[in-house]
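**Student:** Provided herewith is a single structure, encoded as structure tokens, for subsequent inquiry.
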Amino acid sequence: MAKNIQFDIEARDKLKKGVDALANAVKVTLGPKGRNVVLQKSFGGPQVTKDGVSVAKEIELEDPIENLGAQMVKEVASKTNDIAGDGTTTATVLAQAIVREGLKNVAAGANPMDLKRGIDKAVEAVVNDLKKQSREVGGSNEKIKQVASISANNDEAIGELISVAFDKVGKEGVITVEEAKGIETTVDVVEGMQFDRGYQSPYFVTNSDKMITEFDNPYILLSDKKISSMKDLLPILEPVAQSGKPLLIISEEVEGEALATLVVNKIRGALKVAAVKAPGFGDRRKAMLEDIAILTGGTVISEETGSKLEDTKLSFLGKAERVTIDKDNTTIVNGNGKKSDIESRVNQIKAQIEKTTSDYDKEKLQERLAKLAGGVAVLYVGAASEVEMKEKKDRVDDALHATRAAVEEGIVAGGGVALVRAIKSLNGLKVDNVDQDTGIKIVKRSLQEPLRQIVANAGEEGSVIVAKVAEGKNEFGYDAKLGEYKNMISEGIIDPTKVTRVALENAASVSGMLLTTECVITEIKKEEPAMPQMPNSGMGGMM
């Protein structure tokens with residue numbers, strides 16, 4: 001296929017048009033008074049969003065070179081979203097500003113490579129300054145609520161729910177977002193370890209009203225094999241029956257004679273017992289059984305470790321304060337495991353998370369970590385219509401990611417103030433030539449842009465407010481929601497440090513690539529000739 005090759009100013013101008021087209025659509029969403037964007041979907045109703053990356057992902061331009069520019073900035077938004085989970089609009093605004101200022105200087109004869117070196121030096125200095133400005137969130141529920149509220153577009157109800165969820169499950173816990181059946185948005189917390197396997201027979205139910213099995217202080221037998229013969233279980237069932245405590249059997253499966261005998265004994269009242277299948281599959285099943293063993297202070301009966309069911313003693317069994325089983329899930333609360341063993345297992349899983357490259361494996365390891373270290377909270381998002389539901393769910397997801405980022409790296413003053421304060425760190429930065437110094441000045445100017453855009457979206461004059469905020473010190477900034485100057489941190493207008501840092505790093509990285517582009521090669525689309533009309537296709541004259 002033939003190619004279209006464009007060089008120099010023509011190529012860069014078209015790339016800039018693409019950057020501007022995407023950035024202008026995204027940046028209307030920035031700040032407390034940012035507007036919504038409505039996206040047409042190929043199926044279903046339209047999607048209404050204030051999420052920068054959702055807008056960016058929808059944009060495809062007709063001109064291939066302009067489209068390349070748009071795709072490069074789309075990469076900024078997507079990468080920021082992947083790493084920090086929020087800050088996509090800020091990253092897009094920064095990228096547009098660096099490209100705009102940079103291309104002006106390239107057109108005026110500056111060396112693009114030196115401009116890029118200057119930009120990179122400036123970004124490094126700003127990131128170090130952001131780290132100095134950063135404050136730890138610690139266990140402060142109020143700070144978590146503020147971060148979540150701002151990221152959910154100043155929705156305090158969502159902020160409150162997320163802070164409750166974090167309070168219950170801790171920073172290692174898993175918080176998932178589901179669609180609610182009604183219009184209420186609620187949080188549901190599962191204490192202890194829950195896995196998605198229910199009782200193997202409804203005859204094990206102890207509470208027939210709720211159709212659940214409830215055990216207090218049960219013994220827990222863990223095995224990685226199928227149990228089909230009763231003689232394997234007899235040696236352990238006798239001492240358990242004498243102790244008067246219930247028994248939960250977690251194995252690959254209890255079947256045949258063994259299951260029938262357990263059910264009969266349960267119905268007669270001779271034994272309080274229930275059997276559930278082990279969670280997961282293959283190697284993951286073995287790992288999860290080991291997790292349960294560590295949590296409950298038991299031992300997995302496995303031929304791999306040389307232990308057999310018929311040799312099982314009471315000391316091999318785990319214990320827990322309470323176990324609840326329904327037809328789909330089993331929950332173990334307050335296992336009897338040693339704290340030191342659980343901590344070393346948690347550290348082992350954390351190390352595996354660091355090493356793994358697969359997103360799926362990472363997600364599964366994260367779930368295991370949560371079940372061991374904290375718990376699981378589910379946020380049920382309710383709304384009156386499906387369109388509102390999707391929009392709200394997006395905001396809750398953003399808020400959740402932002403909160404995790406804040407817990408991880410701390411917080412800085414929000415509303416674009418932290419970036420404005422970081423400008424001073426660029427004064428007197430050592431450079432090798434004038435063009436590198438110009439690169440630093442480009443970043444200085446660009447750091448004001450998020451604040452300028454927040455103010456513009458609120459209908460105010462950006463330059464005046466940027467100048468006044470720049471004159472101030474520390475956390476002094478502009479609250480665009482109320483139109484007042486305030487201390488941003490004490491007013492709860494805060495951003496996660498990680499989000500601000502990642503937004504700037506990604507914006508500078510992609511902008512640098514774009515500024516140093518000298519040639520663009522695209523495909524020339526052939527015009528497909530129209531299909532010739534078949535004779536008599538109008539059926540005219542036919543009887």
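A Cβ is built for glycine as well, from the same backbone N, Cα and C atoms used for every other residue.
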**Student:** Looking at ATP binding as recorded in Swiss-Prot, which candidate out of ASP326, ASP328, ASP495 goes with THR29, LEU30, GLY31, PRO32, LYS50, ASP86, GLY87, THR88, THR89, THR90, GLY415?
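**Tutor:** Looking through ASP326, ASP328, ASP495, the residue Swiss-Prot assigns to the ATP site is ASP495.
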**Student:** Near GLY87 (ATP binding site), which residues of its own chain have a C-beta under 8 A away, given they sit six or more steps off in sequence?
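**Tutor:** The answer is THR80, ALA402, ASP495, PRO496, VAL499, THR500, VAL502, ALA503.
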**Student:** Let me know how many other Cβ atoms fall within 10 Å of the Cβ of GLY31 (ATP binding site).
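**Tutor:** There are 27 of them.
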**Student:** Output, ordered by sequence, the same-chain residues six or more apart from LYS50 (ATP binding site) with a CB under 8 Å from its CB, or 'none'.
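**Tutor:** For LYS50 (ATP binding site), the qualifying residues are THR29, GLY34, ARG35, ASN36, VAL37, ASN153, GLU391, ARG395.
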**Student:** Between THR29, THR89, GLY415, which of the binding-site residues has its C-beta surrounded by the fewest other C-beta atoms within 10 Å?
**Tutor:** THR29
